[in-house]
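In what follows, a single structure is set out as structure tokens and then discussed.
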């Protein structure tokens, strides 16, 4: 391997097979539990706010945009508090990869897009993926910015104490 190892999921690894996080049962458990909770939450919301056939899938759009915002906020907040190790890594994997990974859904987004690529709902089928991606990127950036400002505000309060 050329260059430094920059994979955040490898713990001081020297060979490609040593200390890979996804092979640790505790790590898998944290991701699994987070993923189950995220998936359950998404399913509850999808059942509570069903999408009209051919209409804009507002629930999936809202879930994916909210997930992007929360992921941006989470990752920036964790980065600002220290290295990706210990509790920070557990939170990143359990909440970021697990909970928010299970909560957001690319597969439903893709299927809903394809279902709308019909003559009766072609505009929605073309606009929905564009709007989803643009809003998702904006939401992630807003989450990142919020975490950055909160951290700066917290540091200012500590200095004034």
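We count from 1, first residue shown onward.
The backbone N, Cα and C atoms fix where each Cβ goes, and this holds for glycine too.
Fair warning: this is a prediction, and the values are worked out from it, not measured in the lab.
Feature annotation from TrEMBL assigns transmembrane segment to 26-45, 57-78, 90-109, 121-143. Residues annotated as Na(+) binding site in TrEMBL: 101, 104.
Stretch with the largest number of CB pairs closer than 8 A to the transmembrane segment (57-78), among 26-45, 90-109, 121-143: 121-143. Nonlocal intrachain contacts for the transmembrane segment (26-45), taken as residues 6+ away from its ends with a CB within less than 8 angstroms of a stretch CB, comprise 59, 62-63, 90, 93-95, 97-105. In the three-state DSSP classification, residue 101 (Na(+) binding site) falls within a helix.
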